[in-house]
Structures are given as C-alpha cells and as structure tokens.
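The domain 'Nucleolar protein 10-like N-terminal' annotation in TrEMBL covers 1-68, 76-338. The annotation domain 'Nucleolar protein 10-like second' is assigned in TrEMBL to 343-391. According to TrEMBL, the feature domain 'NUC153' maps to 456-482. Annotation source TrEMBL lists compositional bias 'Acidic residues' at 520-529. According to TrEMBL, the compositional bias 'Polar residues' annotation covers 603-621. Taken from TrEMBL, the feature compositional bias 'Basic and acidic residues' applies to 622-637. What TrEMBL lists as compositional bias 'Basic residues' is 638-662.
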Amino acid sequence: MQVSSLNEVKIYSLSCGKSLPEWLSDRKKRALQKKDVDVRRRIELIQDFEMPTVCTTIKVSKDGQYILATVVTFETLSDDYSKIVFLHNDRYIEFHSQSGFYYKTRIPKFGRDFSYHYPSCDLYFVGASSEVYRLNLEQGRYLNPLQTDAAENNVCDINSVHGLFATGTIEGRVECWDPRTRGRVGLLDCALSSVTADSEINSLPTISALKFNGALTMAVGTSTGQVLLYDLRSDKPLLVKDHQYGLPIKSVHFQDSLDLILSADSRIIKMWNKNSGKILTSLEPEHDINDVCLYPSSGMLLTANESPKMGIYYIPVLGPAPRWCSFLDNLTEELEENPESTVYDDYKFVTKKDLENLGLTHLIGSPFLRAYMHGFFMDIRLYHKVKLMVNPFAYEEYRKDKIRQKIEETRAQRVQLKKLPKVNKELALKLIEEEEEKQKSTWKKKVKSLPNILTDDRFKVMFENPDFQVDEESEEFRLLNPLVSKISEKRKKKLRLLEQQELHEKEEEEEPEGKPSDAESSESSDDEKDWVAEVRKQRRLLQQEEKVKRQERLKEDQQTVLRPQFYEIKAGEEFRSFRDSAAKQKLLTKTLEDRLKLEAKNGTLSVSDTTVGSKQLTFTLKKSEQQKKQQEAEKLHRRERKSLRRSAGHLKSRPRRGRPFH
C-alpha cells in the first residue's frame, strides 16, 4: 500500500506495490514478506482484480455490491447486476439478465454512449451520427430518432430529477431535449466558454464528458482539458477549471457531502470544490486513466487504466471505507503514526512561462511534469541541470544584481535630482519650491496639505505641450509679476545647476550649495519693500517700448509710396465730384450749433415753439437720386391721369314715384 499526501489530504493506493507470483509456495511467500517491506505492506483488497484486456469503463452497481468493467460502455437497469445493457464497438447492443445473455440488436451507426430514461423505458444512443436513436424497452422497438444540429455526438446524460436529456457534440456544444415533447429546449456553446486568457487552444474543443447533479447543475468536460460547471438557468459557466495537460476529460463525478467535483483525464484526477473552485487534492496513477468511478457513500475510488490491472484508492477525507472493507480505517490510523515524506518534497513548482524560458514546453503531458494549480511540479534535480545549461552565467548576473543594489542604497542617501518637464521649467521649479515650503509648514503645524499641480492629470498638458509655454515678455505677465526679474534670475541659476548635474554621471553627482535661510528671508523682505518701485519701473519700460514701436510705425508709413486706387461706381449712381465728401468731412468737424444753423439755412431743419414753452425740431431727410426720380415719375403720372379724366356731372338720375324711403 502506497501513501501520498497533497494539501494535507492522504491518498492510499490499494492496488500498487509488488505482487507475488501464484506458483510460489506459502513458505516462500512468508519468507519474502519478512525480508521485503513493500511486499509486507502490500494489501490485496480484491483478489484477481484484473481484466484479460484493457477496459475503458468501470462502474459500481447501485447497491454497492458489484463492480463491472467493459470495453465501450454499459448501464445497469436494476440495483444489482440482474439487468445490464452493453454497447459494443461493432454497433451491437446486448441485454443480459442474471442468468446471462438475453437479447442482441444493432443500431444504424457506431455508438459512443447511451443513457436510460426510467419514466418512459427508453434508451437513448448517441454516436457517429447527427441522430439520437431511441429504443423503447416496453414496446421492444425503435422510435423516431431525435435530429440534432451536430455532425456527431460523443456523450449524453439524463437528469434524474426532471428527466432532461443532454448530448455533447463534436462542435463543442451541448444540446438539451425534453423527452416528453421530443423538442430541443436549450443550446450551450461550451467551446467558446472554455477558452480563457491563460489557455492555448490548437483545435476546436469537443465535448468529452457530461454529468448532471441535482435539478440545475451540470458539469461538462472538453477534449482540450477544461471542465465547465453550469447552472441550467444561465448560458455562462459558473467555473472553468483547466487540467493544464491539454488532454481530453475522461470522466466527471460529484461528491455531494463535501461539495466536490472529481474530474479525470488520462494523466491525473483532480478533486476541487464546486463553489470556490479551490483544488482539494489530486492523484496521478501509474498508468493512463480511461475511466473513474466513485464508490457510493464512501471514500473509495476505482479507476480503469490502460493496463489490465485496475486501480483502487482510498481517500479518508471523502468518506469512510465501504462496509465490506471497514478494516481500512484502522490501518490508515496506524499508518498515520509513522508519517512519510510527501510526494512533492523533492519537486520544484514552475509556471508555463518558466517552462518557456527553460525551453521545456515539449515536456507538458510527459511524466517529467505533474500539473498542479496554475503550473507544474518537476524534479528539483532536473530543474537545476536545465537552468545551468540554459543560463551558465547565472552567478555573474547574481553578482551584478548585488552590486547594483548596493549602488542604489548609496544613491538613496544623496539629494535626489529634481526631474523637470520640457515645457514651463521655471513654473515647475516654482511649484516644487512652494510644495517644499508647504511640506515644512504642514510638518510643523500639522495642517492638511493640498494636491500639487505637477501631479494632477488635469494640468499634465501644461507641462508637455509647447503651446502652453508662458511668454515672460508679454505686457500682462510683466505687470502681474513685477518682481519676476529677480525671482526668475534665481530660478534660472537653479535650472542651470540642475542641467549640469543631469549631464554628469550619477556616481559623480554632488549636492548644489544653497543659500542660508537668513539670506533668503532678508531678500524676501527687500523684495516686499521694493514692490512699488519695481511696478513703476516696469510701467516706464513698457511706455518706452510703446514709444519706440510708434516711431518705427511712423518711419514705415513715411517710407511707403502711395499709389492711386480705383473704385467702381454702383449701378444707378452718378459721379459728380469729391466736393460732397469733402463737405461732409468739414461738417463732421463742426459743433452741433453750427451744424443746426447750416441745416436750417438749407431747409432741412425747422425750429418752432410749443405751447408749454419748449422747442420742437423737425428734420427733413435728404433723398437719394433714385428716390427723387421715382417721385418725379409719380407726379408726371398723376398729371397725365388728371388730364385724361372726364366729368360725370351730366349723368343725373330721374326721380322715382312712390313713397320716399326715410
């Protein structure tokens, strides 16, 4: 009996160890058991627990009394072995009773899996066809098949609670059918959901395993090594677990008492929590796995391997030992008193990225790597050998890293250089100085400091885009900052010092000498006293600059040669002379009194007194030439009409008889 432990979960292998040949005598067997510890510790739990050939399916009867194994697949229709249906690889279906062979029939295409629907006594067969064949055992005949959208179907299962039938296709989908209406009620695209950010898929994932649990839970295994847990009310998986080997999932089982899911591929069996996805433990048998069966209501696990010998494992954390081998509990308690080293004590955990760096990705799926969590375990000796071959200068790199760390530690003790932006360096230096003063004041007074503009993303463009460069020669800047000349000179000196320090090597950096605080305070007080004088000085400078600009403009005007300009007269206008425009210019230069007198002489203005003693002015607007022509035309038209009009005086009405109308 071999014991392994992972995550403090012990797994007892009851089928491993040295076996004794049958032709040995009892005396020889006893002698070997005394000498060899492995032979002495070997437990033959089930005698001759082997198959003549390799088996692909292993199951336990519902009453837990019988273990059955076949080549393709089978299903027990009763609680024991009295009613069994076998599916062979030659399209034949055999029915066996307790007495032996009972009936044999064939299906149209090669079958891969089948399930039994107890309420209707129907067998559902899936295989190398898009149809799901139905065989009714009560009537003894085939019924109309279910037509799926898939080219072929790999696995199927029926929910024991509500009877929903599900089949997994080679296109990576799961189709769900209602046996009562023989209609499809759902479709899950598991191939798309199985692809995660860390997984590498070289081919289309197909469905290789399918299992219901309760009324709403379903687990799906893919051919690329992923296990998806679904709630039937959603088309998105609750969890996606990757076996990391890229091998098809052979079997999926639920352990309800501990909320565990057991998923197996040909290399490993993983047990993980269905709520959190955390792996409880894993198991790697000697031979490749074909099928896994969980013994009901116990902690025993059975495997069908790629060898005639089948595996038996006991995991106490999953449950007690079966009733027919209850002595295993006492044996495991005795073995716990003599603890042994765990399986992975001499192994190194590596991720897939580490394997790529070492050039060992071709070992994935081989016995040299054991998948665990998000990576693999490999022999520590192999890891050191490969790493030495890949990187023979590892010691030199280690030495350089240590030297670099020492240099960084010494640099940290020096004054750090201020990294200034490319745009508005002086403004950035001013903000840095203000921030340092604020930090000193907040450290002394314990006042909450405000955020700095340099670290605010909203003002980031101000120190990156040259369009936001401050123009220190502008009039607004010089009037608003009268002391900018002195302060800017100080900052320019600091900027030159910082640029010189950046040019030198970091090892030769020296701290720039600064002025004492007393000198700075005295200078600040002098600046405050000279404020008014500096403002006046800046105003005088601006006036002088403006005077110089006017003189330059005047010289330019004098040097320019005036050229005649031609204008086009509008249609309907007549050109008389430039006297009118000149008269208008003269009129505009006169006072209001003179203009009123002139308008009164011309008749365009009349002044009259009102009854209340005030004055009333009446202006007559001047008319344009077009308006005058129109008025003359209207007068001429009226005269013509008047000359042509005839008198109507000779038309008189005769008096009428009768009463006058009042």
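Every residue, even glycine, has its Cβ placed from backbone N, Cα and C.
Nobody curates TrEMBL annotations by hand; they come from automatic prediction.
For the compositional bias 'Basic and acidic residues' (622-637), the number of residues in each DSSP class (helix H, G, I; strand E, B; coil) is 13 helix, 0 strand, 3 coil. When the domain 'Nucleolar protein 10-like second' (343-391) is classified with DSSP, helix, strand and coil residues number 21 helix, 14 strand, 14 coil. For the domain 'NUC153' (456-482), residue counts in helix, strand and coil come to 15 helix, 0 strand, 12 coil, using DSSP.
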